[in-house]
Each structure stands twice: as structure tokens, then as C-alpha cells.
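**Student:** Dropping a structure here in C-alpha cells format, bear with me for questions.
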Amino acid sequence: MFNAEDRARYARLLAFIRPHWKVVLLAVVGTVLYGLTEPLVPFVLQPLVDGGFAEGDMRTVYTLTALLFFGFALRGLASYTATCSMNWLAQQVVYTLRGLMFRQLLRLPMGYFDAHSAGSVVSRFTYDVLQLMAASTDAVAILLREVVTIIALTVFLLYLDWKMTLLLFVVAPVLAFVIIHVSRKLRRMARAMQEDMSGMNHVVDEVLRGRAIVRIYNGQDFEFARFDRQAEAVRFHAVRSTQIAAGASPVVEMTIIAALSAVIILFALKARATPDQMTTGVFVSFLGTMALLFPPIKRLGKVNEPIQRGLAAAQSIFDFLDTPAEPQPVLPPCTITRGEIVFRDVSFSYPEQPVLSGFNLHIQAGETVALIGESGSGKSTIAALLAGFYAPEAGAILIDGTDTAEMSLADRRRAIAFVSQDTVLFSTSIAANIAYADPEPDAAHIEMAAASANAADFITRLPHGYTENIGPQGGRLSGGQKQRIAIARALYKDAPILILDEATSALDNHSEAKVQEAVERLRQGRTAIIIAHRLSTIRNADRIVVLEQGRIVESGNHTELLGRGGSYAKLLSQHYQ
């Protein structure tokens, strides 16, 4: 049922449980006590039937009923202790795991998200963690309880009649075969269901992010069909898992019933042969104990399903946690003040897609450089490399004369403000969005940044002003308002280097003018790399760099390049008029 990899995963889970060993001990003690009290009823039955009832010995009746009462009181206390302890432990493991996973999420390189959908990542935090919790705590608790119960009942059976008890062990190989065979099938179903769940989450995520496109193109039926295919796959594998697990149950039951029937017949034959040794009390007690043995064996077969799902989830979670994070070497502190940037013989490629080869670009401190070119020419890659989202495969990137390989990512990013094409805002207040990640936000600085970004006018008209919650992804604001909040965030950071990937979405004339004015303020006194989409931005740039397939084909200001009538003039006539 478990291979070496499974045992290794469970051993790794122990690292999360080990710090709470006192709670584990409490849970184990409660579980063991619960299992040990299982034979209490058949233990009392034999002397009650043979002594108390048959001989009318009331003292025995009183003693045994008192023992039964206090025994079950202890059993109830043990059950409560074990259940509460295990639940606390389970929630603690989930809390710790999700914390580690979220920290890992924040440290993963950008390349990871190029290869994995948001739905698959979310699925790990929700579905996989819960499956792992069920396998590591709930299932283990059931496993321990039922094993202890089976051992206690078996010991009592051996005490009553060891020869008859040994006959029961004949069915053990049959039960083992069934459990091992079912385990393999359940593991395959669990892995398939994980993939289906990730796919379903991915569809939901895409529809949420692209909800406007879905509606404007009347794509509701198309998206429902996509979702339905994934949901159907989840349903199919869930049903199939239940069928496999349920199919094992009758086999286990029939095997045990066959053994029980054989024992009853043998008991009857033995009672006829040796009536003095085989009393009614022993027979009733033995039969009762066998009946009690049946449910825990059945539950052991059922617990296999959540364990297999949990082991598949463990592989998914540990693969996620083991993904190499962004390198964080310990390097001397580096303060960037001027913002001079040099790309020196830089080469970079995405998987099976070369982008830059021997790329060179020198940007003076305080210079505004507009990057233009067809899609795939390398504009966004240059910005991503500068921000440290990816590392160059060859060559070097220097900032203020220092190789970025010799400065920490934190120091490099501290010197860069970034305004993305798709405005990213968080579901919190406007002030918190402007002063994002500042542990001690300055209210006056926030208002100054908002004013410079031409955002103060609409912010002050909101019911709660700067404390207004803008909703998920800034859904309560217009496109132009969101862009101005993003610009205010960059102004608040006041970094010497600006990366601006201009939004391609069209704005009304008033919003366009407000945003453009804010952009002009933002780039003043900073080194700015702008992936330009607006003609006004291109014209105002100190230098325009025209890219084709990762190479610079033209460089100069607007007037110079237009006069040459080359690639820049052609792009301008095609895309920027």
C-alpha cells in the first residue's frame, strides 16, 4: 500500500507535527484508551451470562454493570480528548502549510507562472491542502484507533479461545490483497482528480479575469462548455473512486462473514463434543467480540481512500514547495541614486523562444527612453530583465556602474517603480494602494502623490476619500482612475528608475489628458524606460529605440527618426496614428 516515496512524504509531514508533540501524545493516549475499551462489553458478557444470570449472583451483576458504566465514561472522555486534539493538530498543520506555501508563492520566479496556471496554484492552497490534512491527521487517527481496537479485540478472542481465533487469521491474506489492489487504483484516481480540479479552477479564474470579454463576445455558452468538461471529469473520477472503494467493502464483508460462519459451526461442534468447556457465556462473548471486530476492519478498508488522495496531494504540495525560489544571495548593501542603466551583451530566451542575443543599450541617468516595436520584439523582456523577474543567460546589466548580479533583488527593486500595462490594484483602501507595502505610510506623502498623479480630484469626491475600499482589482474605479492610482503609487515610491508599460486601452479625451499629464510628472528627474503605446509619449521621449526580433534597428528622437523614413516611420504610420 505504501512505497518508499510514500513513507518519505509521511516522514516529511512529521516535521510539521513534531513541534506539537504534546498534543500528539494527548491524541494518541485518547485514541489508544478508546480502542482498548472496545472489548468491554464482551468482557462483561461472559461472567454476566455464566455467573450473574445463570447463578443469580447479584453482586457480580452490580460489579460488572458499574465497571461497564465507568468504562464507557472513560471511553467517552478518551474519545473527546482524541477528537479535539486531532482537530487542533489538523488545523495547525493546515495553517503552517498554507503559510509556507504562500511565502513560497511570493518567492517563486516569474518563469514558474509562465508554465503554471493560476487555477492550478489556487487548487494547491484549497483542495490539495485539505486532502493532505485528511490523510495526515483524520485518516491517521482512524487508522490508529481501528488498529488498537482490532488488536484489543483479537487479544480478548485469544483469551477466550486461541484455537478458534487462529482460524480467523486465514482471511488476513485475502483482506491484504484487496486493500493493496484497491490502493493502487485509488491513487491513480486521486492524481487524475487533482489535475481535473486544477483545470476547473483555471477555467473559473480565466472567466473571472476576462468577464468583460466573455460577455461582449457572448461567450457564456462556450465557457460553460469548457467548465462543464472539467467539472464532469472531476465528477467522473470522484464517482469512480467511490465505486472502487465501495467495491472493496462487500469483498471484505463476505470474507469476514465466511470466517464468522465457520467459527459458529465449529463452536457448535465443539460444544457438543466438550459441553463442560464451552459455556454459553464464552460462546456469546466470543460471538459478540467477533461482531465488534467487523466494523473496524471495514473502516480500515475505507480509510485507504483519503490516504491515497492525501498522498497524491502531498506530492503536489511538496513539488510546489521544492520549486527553486528566486535566488536571494547575501550581498553587500547597494544604494542606487542616479539610475544609469547599461545592458552589455545580454542574451535571453524563453523555453524554445530566443528573444535577445548580444543586446546592448546604454541609458543615461535621468533619460527617458521609449521602446517601440512589433509584438515579440523584446520590449517587455528588457523591462522584465531590468526588474530582475528573469536573469540574463549571458552578458550583464549594470545600474549606476554596478552589475545587478552583485546586488540583492531587494536593493535593485527598491530603486525601481513599475507601472504595468494591466493596472494592478488591491482590494483595500486607496491610501493603502498608493503606499503599497509601506509599513508606516505617510498621509501627507500619499496626498502629494495623488495630487501629482491628477487623482486627488476624484479621490476627494468619494464617500470615504482616501480610506475608500476600491473592491477587487479596483472594480469601483474607471480605467483612467485606476491608471492614475497606479501612477500615484509610483510617485509615492519615489524611485530613481521608472518602468512604464503604457496601457493600450483607449480612454476618453479628458482621462487621456489627465493620465498623460501625470506620466509627464512621473518621469521628471527619473530614468524612465517606457514601453510606449501613445504617440504623445513617444514624441516627448529623449530617445526612441526601435526593436526588431531583439535587436535595435533604429535609435534617436522623434524628429530624427521620422526624417530617416525607416522602421520608425513605418511603425508610426501603422500603429501610432
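Using the three backbone atoms N, Cα and C, a Cβ is placed for every residue, glycine included.
Those TrEMBL annotations? Automatic predictions, nothing curated.
Got these off TrEMBL a minute ago, pasting:
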DOMAIN    25-309  domain 'ABC transmembrane type-1'
DOMAIN    341-574  domain 'ABC transporter'
TRANSMEM  21-41  transmembrane segment
TRANSMEM  61-78  transmembrane segment
TRANSMEM  140-160  transmembrane segment
TRANSMEM  166-183  transmembrane segment
TRANSMEM  244-268  transmembrane segment
TRANSMEM  280-297  transmembrane segment
**Student:** State the non-local partners of the transmembrane segment (140-160) in its own chain: residues 6+ outside its ends, Cβ under 8 Å from one of its Cβ atoms.
**Tutor:** 27-28, 31-32, 34-36, 38-39, 42-43, 46, 82, 86, 168, 282, 285-286, 289-290, 292-293, 296-297, 299-300, 303, 307
**Student:** Would you kindly list the residues that approach the transmembrane segment (21-41) from elsewhere in its chain, counting only those six or more residues past its ends and only Cβ-Cβ distances under 8 Å?
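**Tutor:** Cβ under 8 Å, 6 or more out: 67-68, 71-72, 74-75, 77-83, 85-86, 88-89, 92, 141, 144-149, 151-153, 155-156, 288-289, 292, 296.
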**Student:** For the domain 'ABC transporter' (341-574), provide the mean pLDDT of the predicted model.
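**Tutor:** Here the predicted model's pLDDT, averaged over the domain 'ABC transporter' (341-574), is 88.
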